[in-house]
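What TrEMBL annotates here:
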| type | residues | note |
| --- | --- | --- |
| DOMAIN | 47-188 | domain 'VanZ-like' |
| TRANSMEM | 12-30 | transmembrane segment |
| TRANSMEM | 42-66 | transmembrane segment |
| TRANSMEM | 110-127 | transmembrane segment |
| TRANSMEM | 139-161 | transmembrane segment |
| TRANSMEM | 212-231 | transmembrane segment |
| TRANSMEM | 237-257 | transmembrane segment |
| TRANSMEM | 278-298 | transmembrane segment |
| TRANSMEM | 310-336 | transmembrane segment |
Amino acid sequence: MGYLVSIKVAMLVFPELAFLLTLPYMVVNYRKYGSINKLRTLILYSFVLYLLTIYLLVVLPLPALADVHTSYTEMLNLVPFMFVADFVKESPLVLSKSATWLSALGDSTFYVPAFNVLMLIPFGMYLRYYFTCSFKKTALLTALLSLFFELTQLSGLYFMYSGPYRLGDIDDIIQNTSGGCIGYALGWFAIKLLPSREEIDKQALHAGMKVSGIRFGLSLIIDVLLVYVPYAVSKTSLPFLLFITLYFSLVPLLNGKTPGSALLKFGVEFENVKWGRTILRGILLAAYFCLVPLGLLYLANEFNKGADSLLFLCLLVITLLVLALYVLVTVAVMLLNRRLLFDRLSGASYISTVVKKPLDEKPESDKSELEKPELERLELERVELERVELEKPELEE
């Protein structure tokens, strides 16, 4: 029952954790690949959910602070393979009696070690498939993760309690590490069935050659925040629209980028009259994202004041419909990776600046090893030609 409670808590906590991780995750992926791969996202977010779940399985349920009166020495077992002795002594299993087999599976001497093994099998699979870890590295990382769990328990949840509320057991580390190694072996199936990490990276880099609408939208949010925070702190009476217009008109004149687009590794370029078109785009962008929606909201508010009149009520409904259409069209254009109106009018296009290093390119060390036989052959041919040239005069004489 305690296992189910931990899993339910993980399901409740995960959406909030995922929300906090989404912005950093998007920034890192746009900087490294220029796009967000759906399969990579599914793998990494499922990995986060998995880690959260097993962590909560380790620490929950929490006892009351007043109920913990244990010492560190009595809650620590450093004798390995005690679980084997416990199984032999306490398990109801009698091999000659098949009726005891099922009851043995339900005994704690079996299901607790079995659960410890099963708990980190997915960890080994993730490490081999996505993180491309070797067997030794997988075993080491699994052992370290298990050690972290045991220290968490032994410390009384980082000394929140006066003593440990669960046993710190060397057998748990042995069982967890065994599970990670089994997971490494089972990771072979994931490698065969799913695209490799290299293929995922190639797909992401290829997609990142084109600047998506979401990538632009995220950079826009970052830029607006960079303008709004100092604007709000300064408490100036000047309109925010003025600062937004100046920001998007003048900052890109330096290198075709704003801090937001530079962070996500893309820039804007024009075919000709760069400075004039840059300023025009900044003015149109500010008008599109600030003047239009704020103007519609202002009109809606004014029409709402006279909503008792049929005319004003109709105007209010029309204004709200126009505002909804504006939002819908903007979102649709960005999701379809099309250029927005201000980009079309100013002739702007976006260029990704992500370094597209060929993933199938062999390292220099590998290249040199491959080129050694060829270099040796060329050197032998050169020596042979020199010898022939030296022998020619002798033959002529």
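Cβ from N, Cα, C; glycine included.
Fewer than three CB pairs closer than 8 A are found between the transmembrane segment (139-161) and the transmembrane segment (212-231), and contact between the two stretches is not assigned (pairs 6 or more residues apart). Using a cut-off of 8 Å between Cβ atoms, the transmembrane segment (310-336) and the transmembrane segment (212-231) share at least three residue pairs, counting only pairs 6 or more apart in sequence. Outside the transmembrane segment (278-298) by six or more residues, the chain places 220, 240-241, 244-250, 252-253, 256, 268, 270, 319, 322-323, 326-327, 340-343, 345-346, 348 with a CB less than 8 A from a CB of the stretch. Within the model, the domain 'VanZ-like' (47-188) carries an average pLDDT of 88. Counting residue by residue with DSSP, the domain 'VanZ-like' (47-188) contains 96 helix, 4 strand, 42 coil.
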